[in-house]
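Chemist: Submitted below is the structure of interest, expressed as structure tokens.
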């Protein structure tokens with residue numbers, strides 16, 4: 001199975017593009033979609049899920065144009081939008097039954113899947129409670145369950161771990177990894193460690209353009225030699241932030257230990273360190289996220 | 001402190017007003033208002049004095065001077081605000097609830113009265129936009145068709161003097177109703193339209209019985225839309241051309257009787273009656289008073305949507321097993337993603353219409369207050385027993401499910417389910433399943449009311465039932481889909497229901513309440529409208545997918 005994007009673009013007004021000229025090929029596995037706010041991630045996901053039509057280009061699912069034949073992908077799609085709603089008067093189980101019906105599952109299969117997903121997302125004990133009484137984290141878990149209810153071949157999840165506690169976040173990551181073996185999973189998130197922990201490939205998006213689509217190791221390798229750590233004076237921190245991409249800071253008794261992405265050694269005592277995916281992300285995105 | 005509160009209210013009003021004027025929905029409202037004003041200005045709809053002399057109807061209308069155009073447009077504006085204003089203005093608090101803005105506001109030092117006053121002021125901004133639209137249309141109309149000098153002061157002055165105070169009052173009612181959970185939805189819409197129609201009907205009846213000049217001051221003080229004031233100001237001008245005039249001393253809306261002679265009189269302006277100043281000031285103060293009252297029920301912390309109150313059926317459903325010692329809820333020890341394998345799905349090809357229908361029916365019936373179910377059951381019992389007047393049963397059966405119908409089409413939008421639907425394999429199936437669920441409910445309610453008609457008139461009675469069943473759910477669904485609110489359907493439906501089934505105007509009696517539509521073209525027309533609406537809903541869905 002393969003999802004291929006050929007010069008896909010979405011224009012919102014005369015000179016405002018959500019995404020522009022995206023070429024991408026996604027095969028089985030988890031593909032992380034990273035980018036700053038407004039990069040076009042959600043726009044791209046809406047196109048891939050047929051919620052929105054591209055202004056230019058074509059999206060193919062196993063060779064079929066999904067704009068012309070959306071049913072081809074809708075049959076096998078699981079989708080968790082970033083900002084999704086639920087029917088507040090339905091219970092968790094009833095809501096999943098509703099989505100299962102929309103996704104074309106027969107009653108027996110739906111019942112079995114829903115039982116399992118309620119267990120997987122730890123919602124069994126609240127399955128008969130109206131969704132209006134759910135906390136944000138519980139609601140998010142319902143969202144994850146509904147995305148998996150039809151055992152999708154193409155799973156598109158937008159910020160799936162938002163609102164989850166750290167333990168549940170890890171478990172959701174594991175869940176996504178376990179279901180991704182023989183299907184295409186597109187995972188959009190701002191949480192780089194989630195991508196680091198799960199994704200076989202990473203697509204970097206900024207200002208509606210695809211910067212790169214590669215495996216995390218290659219991305220990190222490209223940043224090798226550009227990441228430094230050193231101890232700086234607190235009063236110099238603002239200046240350092242202006243000059244470099246600061247990946248992290250750790251307060252110490254004698255100053256601040258800063259980790260920066262820089263093309264040249266930022267200070268005489270700065271030592272080169274092994275980059276992480278977060279460093280690589282900052283290196284590629286640069287200051288785009290703040291423009 | 002008051003000064004700071006007022007300042008905050010202005011900020012609330014400013015943000016709310018800016019949000020609303022940037023909505024395309026307001027453009028639709030203004031277009032509708034402008035169209036209505038145009039119809040009025042070109043004489044398709046007029047304020048007419050009418051009398052019958054020797055069996056012949058005579059209509060009297062003023063020449064289109066600036067003063068006359070201003071006065072009648074003002075009365076028209078007030079009438080529009082009385083009937084439609086509530087529905088146009090009412091989304092403000094609801095939007096804050098659905099977007100979570102109310103939670104942000106609740107965490108700020110803004111006092112409730114400041115917040116509600118701000119909303120009221122924002123409403124007045126919208127009222128002003130509506131009146132400016134109407135006044136501008138009247139101004140242009142006078143420039144093109146008018147008599148004498150075009151006087152913007154008379155035109156806009158009259159439009160605002162008559163219309164704006166009523167807008168203040170309607171805005172106050174809106175703020176109050178939106179602050180009371182029970183009245184924030186369909187029930188409030190029903191109560192309002194009943195109240196507005198009753199208010200105007202009563203005053204028109206009084207006017208026709210007694211005439212403006214003989215009514216007491218107290219009754220004139222209740223003149224919401226300015227009909228009594230208009231009558232008092234123009235009546236002498238009418239008598240100048242028709243000294244023997246014997247009709248009501250208050251003009252009324254009409255299109256003029258077919259073949260009736262129309263006589264024009266000249267009215268170039270005059271002094272507003274003293275009592276009318278008191279009347280208008282009273283409406284403004286009432287509006288402010290309602291905002292003050294609204295601060296009592298308004299709950300900034302917990303809005304109705306987030307209530308954890310369980311619907312009565314749900315509570316009953318949980319009560320039974322616990323009473324009989326059935327299922328108990330045990331805190332499980334399972335965790336997300338642990339120790340559970342997933343059944344592979346190999347068949348995703350189920351058409352699923354039956355399942356979808358069940359789901360949509362559940363959504364339609366779920367979540368209403370307990371008294372709605374009790375009322376529904378009572379209608380069924382009374383209707384099936386045949387113990388009450390069929391007209392009364394049909395009228396009530398045609399209004400009771402309004403709470404259900406009005407959620408059709410708009411439910412998925414308001415709960416942000418649309419992305420799930422349009423990305424599913426059954427975007428059209430969902431639409432048809434929702435419609436079919438609406439048809440079933442409508443058939444049950446109309447069926448219990450109309451079975452005597454069907455039994456009596458056979459196929460013609462069946463057509464009456466079918467016309468209503470085809471019309472209502474499709475109209476509701478299309479209105480909800482397109483407007484993304486339930487108010488468009490509720491307003492349109494309530495007006496048709498009020499005139500047709502309730503007041504017995506057979507041509508609008510889609511529910512067969514009058515018993516006069518069997519064998520006529522009326523059921524066929526409503527059925528056709530229903531089919532067209534259903535096709536419209538399918539076409540709209542095709543744009544979504």
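Counting begins at 1 with the first residue displayed.
Yeah, the Cβs are placed from backbone N, Cα and C, and that goes for glycine too.
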Chemist: Which is it, of B:3-25, B:26-48, that TrEMBL names as transmembrane segment?
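Modeler: The range carrying the transmembrane segment annotation in TrEMBL is B:26-48.
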Chemist: Looking at B:331-351, B:520-540, which one does TrEMBL call transmembrane segment?
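Modeler: In TrEMBL, the transmembrane segment feature sits at B:520-540.
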Chemist: Does the transmembrane segment (B:370-386) come close to the transmembrane segment (B:431-451), meaning at least 3 CB pairs under 8 Å for residues 6 or more apart?
Modeler: yes
Chemist: Would you kindly check B:152-177, B:189-208, B:275-296 and say which stretch has the most C-beta pairs under 8 angstroms to the transmembrane segment (B:68-89)?
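Modeler: By the under-8 Å Cβ criterion, the transmembrane segment (B:68-89) pairs most with B:152-177.
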Chemist: Do any residues, 6 or more residues outside the transmembrane segment (B:488-508), come within under 8 Å Cβ-to-Cβ of it, and if so which ones?
Modeler: 83-84, 87, 186, 189-190, 193-194, 197, 391, 394-395, 398-399, 402, 405-406, 408-409, 472, 475-476, 479-480, 482, 514, 516-517, 520, 522
Chemist: Return the stretch with the most CB pairs under 8 A relative to the transmembrane segment (B:120-140), choosing among B:189-208, B:275-296, B:520-540.
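Modeler: When the Cβ pairs under 8 Å are tallied, B:275-296 comes out ahead.
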Chemist: Mind checking which residues reach the transmembrane segment (B:275-296)? Cβ under 8 Å, same chain, six or more beyond either end.
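Modeler: For the transmembrane segment (B:275-296), the nonlocal Cβ contacts are 112-113, 116-117, 120, 161-162, 165-166, 168-173, 175-176, 178-180, 217, 220-224, 226, 229.
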Chemist: Residues sitting near the transmembrane segment (B:392-410): Cβ under 8 Å, six or more positions beyond its termini, same chain?
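Modeler: Those are 186-187, 189-190, 363-365, 368, 372, 375-376, 379, 382-383, 434-435, 438, 441-442, 445-446, 448-450, 468, 472-473, 476-486, 489-490, 493-494, 497, 501-502, 510-513, 537, in sequence order.
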